[in-house]
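First comes the structure, then the notes that go with it.
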């Protein structure tokens, strides 16, 4: 496999999880460019449908020839997108605009909704103050991280949208609550590093992964997570959660595999379902280990599935652990204490 092919192969792998990995290879590494390419960009002959225009100090979107499906415009100075910018590439599937100077007012008309084959749209590290749109129904992966977003438009009708990354913005709960209505395919939602003080209503029950860490959340409504029958990964670390703000069965969700409550103000270990495998509670104010937080009943077939448990940065010492702890945590590989 040529090095240029390997580069795109890595990007394709990164795309399968909804993540985008930034490989900063110089343009010369891609080899000879295909003739069907903007002169200032590079289109590897082995992957002529990909056009790389990274780090060229571009101030506008270059001419994109027909046949391009993967367009990379990272690390430029692009501050506007004209409505006809992608007129020749209606079959564009990936559009990567990370690290530019884009503002909402300078993204014209229905420039994205015209791209009926678009699956990935990444506009991370720009100057957006609200979500972009309208968007095509084909979209699967939307990334708008590291902007200044305070307002979300509705994503209703985006039936294929599976991944949404909104971390490192300025969102509050009122801006979030109505935005995700009707997203029946949404599996991954990252709202970390925002200004959310209450858990937003109206989140899709289809979610497998929900990240709300590094916000200002202090309480959890009773049975809030009960309706999320598919939820597997939940992060609420670096919030303001205390015992008084967590009803008894808040995290008794049978589908949960991983729960992160680290860096909060908890004095007692919240009760979890026996199916939970990874539980992160480091740097709280925990004073005791209550086995009933993990096992309601102990028996040959009644035990916790916990594999990794972090309790470091608390007031629990090894000598204070109950003698029957490992009868409950019998499959644990790692229990981290101070």
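Keep in mind that glycine also has a Cβ here, set from the backbone N, Cα and C atoms.
The annotation domain 'LRRNT' is assigned in Swiss-Prot to 28-66. Marked as pyrrolidone carboxylic acid by Swiss-Prot: 19. Residues annotated as sulfotyrosine in Swiss-Prot: 20, 21, 23, 30. Here Swiss-Prot flags 304 as phosphoserine. Marked as repeat 'LRR 1' by Swiss-Prot: 67-88. Per Swiss-Prot, repeat 'LRR 5' is recorded for 160-181. Residues annotated as repeat 'LRR 7' in Swiss-Prot: 206-227. Among the features that Swiss-Prot reports, repeat 'LRR 9' is placed at 255-276. If you look up Swiss-Prot, you'll see 277-296 marked as repeat 'LRR 10'.
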Helix, strand and coil residues within the repeat 'LRR 7' (206-227) as assigned by DSSP: 0 helix, 3 strand, 19 coil
Three-state composition of the repeat 'LRR 1' (67-88), taking helix and strand from DSSP: 0 helix, 4 strand, 18 coil
Within-chain partners of the repeat 'LRR 1' (67-88) [C-beta distance under 8 Å, separation at least 6 from its ends]: 8, 11, 22, 36, 43, 47-61, 94-103, 106-111, 114-115, 117
Residues of the repeat 'LRR 5' (160-181) by DSSP state, where helix covers H, G and I: 4 helix, 3 strand, 15 coil
Intrachain neighbours beyond the repeat 'LRR 9' (255-276), with Cβ under 8 angstroms and 6 or more residues off its ends: 213, 228-243, 246, 248-249, 282-290, 292-296, 302-306, 310, 313
Counts by DSSP class (helix H/G/I, strand E/B, coil) across the repeat 'LRR 9' (255-276): 0 helix, 5 strand, 17 coil
Helix, strand and coil residues within the domain 'LRRNT' (28-66) as assigned by DSSP: 3 helix, 6 strand, 30 coil
Mean of pLDDT values spanning the repeat 'LRR 10' (277-296): 97
